[in-house]
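Grabbed the feature section from TrEMBL, which reads as follows:
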DOMAIN    23-287  domain 'NADH:quinone oxidoreductase/Mrp antiporter transmembrane'
DOMAIN    289-342  domain 'NADH dehydrogenase subunit 2 C-terminal'
TRANSMEM  59-80  transmembrane segment
TRANSMEM  92-115  transmembrane segment
TRANSMEM  152-169  transmembrane segment
TRANSMEM  190-216  transmembrane segment
TRANSMEM  236-253  transmembrane segment
TRANSMEM  274-293  transmembrane segment
TRANSMEM  323-346  transmembrane segment
């Protein structure tokens, strides 16, 4: 693809998210979401492979369905209340419909089935954009609309954490594992969005940092399944030593960065008199932790002669830029000691 076209598409992604983030009118927000979708579709389909085309088609149909539902719900809200303003949603029916449409756009359970299939058909670079940047615009809208009902958001959040943990247990493809990891993390954010929106923003920022580091690590190793991780120690030993810490940070283990949002979310749920929700969320995190540990085992404990059935590759010097990988990996591991400063900045 021509660099001019690529730059134009990235500008479209930035423009769509910016329009959605800065709009207070539902039609403008819908237009931003549509620009976002149309900008990423050529990036998804640039690899002319049947799997990529299938993933692009599934993504387009899913996003079109969600956008049509969102437009219908906003028109219904204008008809019932006479308001097009995003923050002035007063009727529960269109508010619930918009919440479900945004859940479909994000890939929250039980509207998640498209996300692992789509991510599996993409390159790791496009998968990184889909898992990080494309989550921003719908989340900005979710933060702005009033809560339709406490039960709806908690059910969506708990279902996502459960499905995200349960679905990744039997996977061998790394992109599908990261898709289920994304679903679980988004579920954690949704649990707390009605009680502490600033805490949701913190969890979203930590998720973006950790997911970016993980995708860049896999791209550096050219790994797409668990068996390919077995030979990564010979290609990049230092990176292979750091990656288990990164995966455990995604799982939410102290003293890594990923523990910070989970700790604060469980604390806030307990303060809101929801101890059972906190216990269930913590238990579902154990399911996610299991498949992160599987990846750690494949990377660090399967050296010859006990290696997995991975074929040894020619080890050429890598030319990948290492600054984004190094900075995101360090941030994904070492930010927990800054917790007091972060919470003070966000007024948590």
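Positions of Cβ are set from backbone N, Cα and C atoms, glycine also.
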Suppose I define contact as three or more CB-CB distances under 8 A, residues 6 or more apart in sequence; do the transmembrane segment (152-169) and the transmembrane segment (274-293) meet it?
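The answer is yes, given that the two segments have at least 3 Cβ pairs within the 8 Å cut-off.
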Could you pull out which residues elsewhere in the chain have a CB under 8 Å from any CB of the transmembrane segment (190-216), counting only those six or more residues past its ends?
103, 108, 124-125, 127-128, 131-132, 135, 139, 142-143, 147, 150, 153-154, 156-158, 160-161, 178, 181-182, 246-247, 249-250, 257-258, 260-261, 264-265, 268-269, 272, 277, 281, 324-325, 328-329, 331-332, 335, 342, 346-348
Among 92-115, 274-293, 323-346, which stretch has the most Cβ pairs under 8 Å to the transmembrane segment (59-80)?
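It is 92-115 that shares the most Cβ pairs under 8 Å with the transmembrane segment (59-80).
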Who are the chain neighbours of the transmembrane segment (274-293) in space, where the CB to CB distance is under 8 Å and they lie at least 6 residues beyond its ends?
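Beyond its ends, the transmembrane segment (274-293) has Cβ neighbours at 154, 157-158, 161-162, 164-166, 168-169, 171, 177, 180-181, 184, 187-188, 191, 247-248, 250-253, 262, 265-266.
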Any idea what the model's mean pLDDT is for the domain 'NADH dehydrogenase subunit 2 C-terminal' (289-342)?
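It averages 75.
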